[in-house]
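So that you can see what the record holds, here are the features copied from TrEMBL:
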DOMAIN    B:65-270  domain 'ABC transmembrane type-1'
TRANSMEM  B:16-48  transmembrane segment
TRANSMEM  B:69-93  transmembrane segment
TRANSMEM  B:99-122  transmembrane segment
TRANSMEM  B:143-170  transmembrane segment
TRANSMEM  B:206-228  transmembrane segment
TRANSMEM  B:249-273  transmembrane segment
Amino acid sequence: MREGTKKTLFVFTILVFAFFYIPILVLMVFSFNDSKIGTVWTGFTFDWYIRLFSNSQIIDAAFNSLFIAIVTTVISTVLGTLAALTLHRYGFPGKRTVGFVFYIPVVIPDIVLAVALLVLYSFLNVKLGLATVIPGHVVFATSFVILVLLARLAGLDKALEEAAKDLGANEWHTFWKVTFPLIYPGILAGALLAFTISLDEFVVAFFTTGPGSNTLPVLVYSMVRRGVSPEINALSTILILAVVLVIVIVGWRMNRMNKQQGGI
Amino acid sequence: MIRNIRTAYLMLSPSLVWLLVFLVVPVGMITVISFTTNLGFGGILYEFSMEAYRLAFSSLYAKAIWQSLWWSVIATVICGIIAYPFAYFIAHAGKWKNFLLLLVMVPFWTNLLIRLYSWIILMNNQGVINNLLLKIGIIDEPITMLYTPFAIIVGLVYGFLPFMILPIYASIEQLDKTYLEAAEDLGANPVKTFLTVTLPLTFPGVLTGTIITFVPAISVFVVTDLLTGGRLLMIGNVIRDAFLVEMNWQLGSAISLLLMILVLLSIVVLIKFTSSDDDSSLL
């Protein structure tokens, strides 16, 4: 790159990062503001955080979200891993169609799945509650687990499995001793993706959760609709910091894993 | 071989059954419902009717559909224009690359609702931007930013820009540098190298980014909801209100299907117009 181009791009990049981060930082700063109304700085306080932790609605919603995310992760990781291994390994009639079906959740608008599930539950007379959110989340998460794993499997050296078989290992043994350890990081990455997708998901949860069983995003939505309040700022700040923490940890672990394996 | 095929189907059946029950069947149900007769309050009479589609294309709802399409196209284009040079710089940032990428991941993983809320604080009439401009003396009275299409575009771009950046970044990062050297050796100047080598080779990334930005942008209802207080409508708002407020399931189903068809058509058109015969370029 020429020096001039590089400088222009550098300034541009800084501006984009400012666009990303100024709103987030302003939001965080005002979570410490002493005034309930408006967005004028009047003084420093921790009050909003203290209130937050005594707000049972928020604590409940956080636990609801965690519960749904954990169940979604377990189901979609198992389903997705089985499907990805099959797609990678076997040729069978209808493979293209199956591959296409797994792509649908990636491109279908979330609101369409959400209202379709609402209609399904209503026909089956299923009472909406916490558990009714899980099927929709699994639909999305499974496809992403499959995508992540297929990418990982594509980089897998088939010779390793063949070597194991040549040396007399049966299929089961080959899988557990050779294939699984190799794709384990992929499964882990897929599971993490499934977990975060579910934790973050709003639209399906909004339509398919029952009264009184809010997830965190659904609760945030109803709070924000009521207007600006420093309590939302405080809650948001905690959630953003949680994201930062997870990203730093995952980034650090991946870095180490890559170094150990000499890069993927 | 037969045993293998049986194993394959056995291993696939849990995920396929799940998708059948919770995706294919429900979407099939709204397809059927969209052609039935509305009895009011969510009541369904199983008699063929195109009433829902007639209503969807009436001036009342057609405007929301048209606005969604228009705003999401504008936002997607802006995202592309911002994302490409941005991703290009990060991909060439040497040892800073990973750190800068992590900085992109923070907004990417922060909940959309929270990020939209931050813009309410900024764009409010008594918000940070107005206060600042009033204090400096650039304006005498607050500018109305919320409740306008401007706010929607800002919200859409802010919300979905990371979706555009990441695939473009990945494609630039994976670009085989020897092609660039070859172009240079053969006497192409940097501009020409960029236009004839870099851009075409990274196009799959742009395509993927465009699709995964456009799809949520056209179907989102929280941007209009939060940044205009529901005064301006997009398709998502109409679908939600049809199901939860007006209890007109036929209308909601019909517009949901139209949205799905619109999205699938745009994807097909995008792929047809841009890709060579390599059909692995999607994602």
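If you go along the chain as it appears here, the first residue is 1 and each next one adds 1.
Keep in mind that glycine also has a Cβ here, set from the backbone N, Cα and C atoms.
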Interface-richest range of B:99-122, B:143-170, B:206-228 toward the transmembrane segment (B:249-273), CB pairs under 8 Å: B:206-228
Dominant neighbour of the transmembrane segment (B:99-122) in B:16-48, B:69-93, B:143-170, B:206-228, by Cβ pairs under 8 Å: B:143-170
Intrachain residues whose Cβ lies under 8 Å of the transmembrane segment (B:69-93), provided they are six or more past its termini: 100-101, 104, 149, 152-153, 156-157, 160-161, 163-165, 168-169, 172-173, 206, 209-210, 213-214, 217-218, 234, 262
Contact call for the transmembrane segment (B:143-170) against the transmembrane segment (B:16-48), three or more Cβ pairs under 8 Å: no
Residue numbers, six or more beyond the limits of the transmembrane segment (B:16-48), whose CB comes under 8 Å of its CB atoms: 247-254, 256-257, 260
